[in-house]
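What Swiss-Prot annotates here:
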type     : residues                                       : note
ACT_SITE : Glu143                                         : active site
BINDING  : Glu9, Asp93, Cys197, Asn200                    : Ca(2+) 1 binding site
BINDING  : His142, His146, His152                         : Zn(2+) binding site
BINDING  : Val212, Asn215, Leu217, Glu219, Glu222, Asp225 : Ca(2+) 2 binding site
DISULFID : Cys117-Cys197                                  : disulfide bond
DISULFID : Cys213-Cys242                                  : disulfide bond
DISULFID : Cys224-Cys237                                  : disulfide bond
DISULFID : Cys226-Cys232                                  : disulfide bond
DISULFID : Cys236-Cys259                                  : disulfide bond
DISULFID : Cys250-Cys256                                  : disulfide bond
DISULFID : Cys255-Cys281                                  : disulfide bond
DISULFID : Cys275-Cys307                                  : disulfide bond
DISULFID : Cys319-Cys369                                  : disulfide bond
DISULFID : Cys334-Cys376                                  : disulfide bond
DISULFID : Cys364-Cys398                                  : disulfide bond
DISULFID : Cys392-Cys403                                  : disulfide bond
DOMAIN   : 6-202                                          : domain 'Peptidase M12B'
DOMAIN   : 210-296                                        : domain 'Disintegrin'
CARBOHYD : Asn72                                          : N-linked glycosylation site
CARBOHYD : Asn326                                         : N-linked glycosylation site
CARBOHYD : Asn338                                         : N-linked glycosylation site
CARBOHYD : Asn342                                         : N-linked glycosylation site
Amino acid sequence: ERLTKRYVELVIVADHRMFTKYNGNLKKIRKWIYQIVNTINEIYIPLNIRVALVRLEIWSNGDLIDVTSAANVTLKSFGNWRVTNLLRRKSHDNAQLLTAIDLDEETLGLAPLGTMCDPKLSIGIVQDHSPINLLVAVTMAHELGHNLGMVHDENRCHCSTPACVMCAVLRQRPSYEFSDCSLNHYRTFIINYNPQCILNEPLQTDIISPPVCGNELLEVGEECDCGSPRTCRDPCCDAATCKLHSWVECESGECCQQCKFTSAGNVCRPARSECDIAESCTGQSADCPTDDFHRNGKPCLHNFGYCYNGNCPIMYHQCYALWGSNVTVAPDACFDINQSGNNSFYCRKENGVNIPCAQEDVKCGRLFCNVNDFLCRHKYSDDGMVDHGTKCADGKVCKNRQCVDVTTAYKSTSGFSQI
């Protein structure tokens, strides 16, 4: 089945050798890196991952860590610097160091395995090893693949080209495609580690690379971005322009269907009890109106309870929720135990001290139920107390663990009537 859409908020750091390699031309370096990110994004679309560049740092005044040709040593320093420096300045999911140094042992890149979202280890190092942008982009996509749990392809792994992205050796004609093995490794990583940081969609204003219509990232100046006209599945979006069609009224919401407002009168939030009011679409908005309910204190469930914030709390339902079927509310004698203040039998706690219930408040403390043939069953946890708003006597409800007159309980203290 199709994987959930995920977003990698990426920071790329170009070291000082990159700065000198491109003769200090920042515009040229930026353009080179934007091109790399666009390619990485295309490579990851089949995995339903979008890669958003949220920061680009060029070490124009000198390296901020010791960059050496020993890739593993440099990578470790970069991870430490990310924790103590970069993450404090800019929230992001993954950082890649792009270096113009010649890494040892024919290494073109290095990254730890399955570390996405880890503060120190969600990193990679990539050598700017070729004048062909695609080759550098595939290398960075490969290292990012390691962070996402993908190991090198073996002979039994296949994609539609001779060598796939996670091939151990980069070919001169590299592949855009992940193998079946890589896809399985990524799925396993997501299931086992469930990395949270790549679930949130980046803000338009966080993406620093120039907007690209069709990359499925919502960027500044775009109203929508559903991919290429061939793959777009959003009927509201014109894939060619990344603008909404002129007839579109809405894109999403409880009162939005097929890009139009749902007609007035369609229920969008059913009443959850006789104390709640069903809300219907207005025909003018994609949002369901604010949740409204009947006034607090209105009798409900054949006078067994009084409405409280859209519900009708009664002791029987609370007993049922705690103990299941074959329950009844315990006799009054059980509730009298709440006058003791011992153990869990009280109305309130003040500074850790149990305050016993007054005689008239006993049905607002610990809840007692008869379960099968057991009398006075109770739970010691907080959910074993009688709920606020529960009827405790005729014309009375529990408020602040006291059994008070229903008209007093719900009288507005601000002088305004309650909505």
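First residue shown is number 1, and so on along the chain.
Backbone N, Cα and C atoms are what each Cβ position is placed from, and that goes for glycine too.
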Between Cys256 (disulfide bond) and Asn215 (Ca(2+) 2 binding site), find the distance joining the two CA atoms and give it rounded to the nearest Å.
-> 25
Report the member of Cys232, Cys250, Cys259, Cys319 (the disulfide-bonded residues) whose C-beta atom has the most other C-beta atoms within 10 angstroms.
-> Cys319
Disulfide-bonded residues compared (Cys213, Cys224, Cys226, Cys364) - highest count of Cβ atoms within 10 Å = Cys364
Expressed to the nearest Å, what is the distance separating Cys226 (disulfide bond) and Cys237 (disulfide bond) at their Cα atoms?
-> 7
Asn215 (Ca(2+) 2 binding site) to Cys242 (disulfide bond), Cα to Cα, whole Å, comes out at 10
Give me the non-local Cβ neighbours of His146 (Zn(2+) binding site): same chain, 6+ apart in sequence, Cβ-Cβ under 8 Å, ordered along the sequence.
-> Ala111, Pro112, Leu113, Gly114, Gly124
Going by Cα-Cα distance, pick out whichever of the recorded positions Cys117, Glu143, Cys255, Cys281, Cys398 is nearest to Asn200 (Ca(2+) 1 binding site).
-> Cys117
Given the disulfide-bonded residues Cys237, Cys376, Cys392, Cys398, the candidate whose Cβ has the fewest other Cβ atoms within 10 Å is Cys376
How long is the line from the C-alpha of Val212 (Ca(2+) 2 binding site) to the C-alpha of Cys376 (disulfide bond), rounded to the nearest angstrom?
-> 68
Given the model, what does the mean pLDDT over the domain 'Disintegrin' (210-296) come out as?
-> 94
